[in-house]
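The structure appears below as structure tokens.
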């Protein structure tokens, strides 16, 4: 045989590698799983295994597994089932020659002890009887014989103890041959102790001839007392085990050795014994649960620190104070506040309740993180070290639609934006900056259409100077007046540009008079408003307008910080399919750079790229510079503030907090049910005409303007316009699915449907409308609303006749002889019978005759006979009113 690895040798020996390594460790050879086994090591292992083969064959091992399910009671009252597996392993070893000899010696010693004890008893009885017969009477002999009988029982008990000790060590001697000698010593020591006790008793009995009283040995009393204490300890352990096992005693405890012990006592006649039985557990008692909760009443009032935010519910407040909600409600009722368990209460009320119940209140500002991140900036205007520099003025161009605002801006920028706009009108805010000889100016072009009121209001809020454009041939119009109101509300200086001055019908003086009525007084009239005559077509007066703007900005002394973390404002935002959310912002202070972490309303992100108004890539932008940036998580609302922060993680937390607050505000705006709302809902249930719309637009501002305009088209209950969704971006599959489920019309403003959505639209034949001009969108929706309205009719009175007499006709029944007093009576028209100015019948005119001839109409001042269909209760003096149903158009 050659050297082999430990794995191959284990496979050859048909045992595991671990077992083989264990065998090698028995013979003092250490091996590992990757070791090599030599031929010499194999021979040593085989020899060792052959020597121990006889020992192995003398052992018999029995293994038994018992599986059961234990049901354990839980706190909630339900029982939990636990699977239990009990494994038993019994080993039987054949006795050796030495163990057999030990057993024989032990049996011989027991027999010798029994003979010696018997001889001691016989000898003691003889001596006692002889002594007593000489000194005592018959009654005393009887007592002594009883005591001797008790001593004999005690000796028998000691023999039983010796037998049990022997049996115990016999069982132990069968375990292993190596422990045989140790067991012999233990058995011999125990035997010596018991034998000494027996000899002491016998010697005491032998000395009884000199003493008439017998006393118990101290060792026996001490042993009995120890045994008594041991039994009490076992009883306590058994009780604890019962509770721990769910009220069930194990077999080991049930089969425990409950010995009957004799309690030795001493009296005046000698030693007496009483039978002592250990206390047992009362099995009739009800089994207690293994899991028992015990609540101890606090000895003193517990005061906690309660952290309260801006709002908190009653249940949450009770949870923070670790009390029941009913106690909180009771305390609130005592304070005069009625609330339910789920009602939201404000911070002041919660503080009052918590302090009333003895707790310390810590008020927490929910926007603390928001304030922290806003203040953690490197720009501090109040600091003396901050350097302020002039910035370009932000000028907003406002005015009525088609008054030439964008054309004027094109003339200033030398571009042609107006010609490229759809419909020739501006439908979003555009920001541009222009460099002049005297400095730079940033212009904001706002829409003039009535639907873009919110856009114009935002433009005024972020501007420094407003240029109000008024057409010289058109005059002051509604949007012009609205712009003046926005200017007054924002308290912004204004420069009036009277455009189209080169037209023949231009009348600047009339415009000055009209604006004077609205509070804009020209400088030549003693006011402070500059009026500049310009022409966007020819360019006349453009330089004068720029000089007026720069003069006004110099008077304002516009200064900001040019370096540091930037702050900007959102002008417009839209969703680009390739680039994601695109946000047009206007920098107000600092320098905005690529890579900055920004927070904008409920959105956050990192600036990935920036472009100017010409579409060129830039890396930074200073104050008063409009840019388009990429990198936000979503499209923010127009007018939101953009702030550069240091930590992106904190920016995300603030954005999520703002989203939650926005959701709470939307829920709070829902009106609580009252009588008026209930009647309004009952009224609306009868309305069957409802127009569901899904609005998709290119920019956020356009979406808001369209939504507001469409909601204003509702006709007061006859037709309800319900906007199910309003968002930016193209028409997607989700929008089409929503339209199909809700039977809605999809309105797309400067957007188109993607291929997947287009296929679904064609398959389901959904109604999708595309628009590029907001005029067309509003007009078509208005026509659709009017088409859904139920037709309206009004009663037009065409004639009035007075009944003078009533005749009986076999064909028509009662016929009224009438005189037409007003208008004309026509056949087959609707009529009303009026008696004492009260309508008693409304029906149809069935017969109209002039003398005996049927006629179609009878004019005023002519007598006629009128027959009314299905009505005979007509009296003389009644008035018959003839009317026609005329359809009226909706306004």
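Cβ atoms here come from the backbone N, Cα and C positions, even for glycine.
As annotated by Swiss-Prot, domain 'tr-type G' applies to 390-559.
What Swiss-Prot records for 399-406 is region 'G1', and it gives similarity to another entry as the kind of evidence.
Per Swiss-Prot, the feature GTP binding site maps to 399-406, 445-449, 499-502; the stated evidence is sequence analysis. Around the Cβ of residue 402 (GTP binding site), 15 further Cβ atoms fall within 10 Å across all displayed protein chains. According to its DSSP assignment, residue 402 (GTP binding site) is coil.
Residues or ranges marked as region 'G2' in Swiss-Prot (evidence: similarity to another entry): 424-428.
Positions annotated as region 'G3' by Swiss-Prot, on the basis of similarity to another entry: 445-448.
Under the heading region 'G4', Swiss-Prot lists 499-502. Remote same-chain partners of the region 'G4' (499-502), defined as residues 6 or more beyond its termini with a Cβ less than 8 Å from a stretch Cβ, comprise 403-404, 407-408, 469-474, 508, 533-538, 540-541.
Packing around residue 399 (GTP binding site) is summarised by its Cβ count: 27 other Cβ atoms lie within 10 angstroms of its Cβ, all protein chains included. Within 10 Å of the C-beta of residue 501 (GTP binding site) there are 20 other C-beta atoms, taking all protein chains into account.
Within 10 Å of the C-beta of residue 405 (GTP binding site) we count 29 further C-beta atoms, all protein chains included. Per-class residue totals from DSSP over the region 'G4' (499-502), listed helix then strand then coil: 0 helix, 1 strand, 3 coil.
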